[in-house]
């Protein structure tokens, strides 16, 4: 409280009652919160300068004290008024920027020893309790230096954030190489594997399913590509590339047509006439 002691000694000649001493204490707490005093009264006057000291004439009226303050960053102004009612002081503090008003009623005799008004070491009492009341009910939050400035991240941290795909939810991850692992076919010799395809015709359980697709069976096959067409059956482009295709006849080198090795001998049909 070294700053309060210097302030008290500077204005000691103006302190003539307990209310003056309490105003001096509250003024210093406002200064500690990041403000400086501009002057007395409700309206600004020409030639005013912000200062941590109390302005001239601050204690002329013992029934109504009015002091104006401005924040160190010049972003907000405060108007402090204190009314004397019997043995109490009723404080009103208005922030002109937000138009927020706070108030606090203080019993002067609980925090000021009227018998020692000119002795700083003994004039104030229960100061911790008074400071707690002022901070919780009257004073604005303390303005720290550099408050409102964005913290600049180091360049290395910014680069690492750009490389981290989780730092940007809109970043589309790059596609990795396709998996070349063979399909996980169940063991055909397993005792309970038989009939599994009947329970799952589409192969959702990992089995091949019972819907036949010879082009995707997973076994070696010829280089037949249905998208190139089947001569005499399908023109090129009739089957889209990669589409499922169930051949409706033999494909590959054995084209559709009669097999002379399996044709009935002449007169075979007459035997049953």
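Any Cβ shown, glycine's included, is placed from N, Cα and C.
The DSSP breakdown of the domain 'PI31 proteasome regulator N-terminal' (13-140) into helical (H, G, I), extended (E, B) and coil residues amounts to 38 helix, 42 strand, 48 coil. Marked as domain 'PI31 proteasome regulator N-terminal' by TrEMBL: 13-140.
Marked as region 'Disordered' by TrEMBL: 135-199 (among others).
Taken from TrEMBL, the feature compositional bias 'Basic and acidic residues' covers 141-154.
Here TrEMBL flags 175-189 as compositional bias 'Pro residues'.
Taking the domain 'PI31 proteasome regulator C-terminal' (177-250) as a whole, pLDDT averages 60 in the prediction. According to TrEMBL, the domain 'PI31 proteasome regulator C-terminal' annotation covers 177-250.
Residues or ranges marked as region 'Disordered' by TrEMBL: 222-273 (among others).
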